[in-house]
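Pulled from TrEMBL:
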- 37-56: transmembrane segment (TRANSMEM)
- 68-91: transmembrane segment (TRANSMEM)
- 97-121: transmembrane segment (TRANSMEM)
- 133-158: transmembrane segment (TRANSMEM)
Amino acid sequence: MKNSTTINEAPPIKKCYCDPSFEQEESTCNPAGCKTVSALFVLGFAIILVFCIYRFKQLRKRKDNRWPMFTLSLLTLTCIARIARSVLLLIEEKNLIIMGLLFLLPLGVLVCSFLNTLYVWVKIIFHFNFSKVVSKIFPFLGKIFIVSQIILMVLLIII
């Protein structure tokens, strides 16, 4: 009499969902932990988004608000993309392209926001013009920040 089951058969493995953008081993995957982190990201970036909206209302009253408004727009875009990615993680979206895009886009836009903030500070320090070194180096430094933002945005669009 033959036995229909063999000892070598493994039980079916339940595929773990945490983040499709990164490969996880089955032993290190904790779906409840991933959902908790995603929920915390939604909450954290929602608070930052509310602060951005508040700052938009304040900046509308100022006359010289072009660069701070641009920086705040980049930060708002980052928050919206991170909230969207976290919500998609909560509903277990499996599309790798969307999840990868929503991972890279906010990082690049956040770096652009940081570079733009540095550019604004370069303009402020150059305006006060403390020394000859500042008057020689800072205009060039400001141009480097602007060119870096443009290159980063082009690379994000290409990727």
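Keep in mind that glycine also has a Cβ here, set from the backbone N, Cα and C atoms.
Source: prediction; values computed, not measured.
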At a C-beta cut-off of under 8 Å, are there same-chain residues at least 6 beyond the transmembrane segment (97-121) that contact it? List them, or none.
19-21, 67-68, 70-71, 74-75, 77-78, 81-82, 84-85, 88-89, 142, 145-146, 148-149, 152-153, 155-156, 159
Long-range Cβ neighbours of the transmembrane segment (68-91) (under 8 Å; 6 or more residues past either end):
19, 34-35, 38-39, 41-42, 45-46, 48-49, 52-53, 55-56, 59, 62, 98-99, 102-103, 105-106, 109-110, 112-113, 116-117, 120
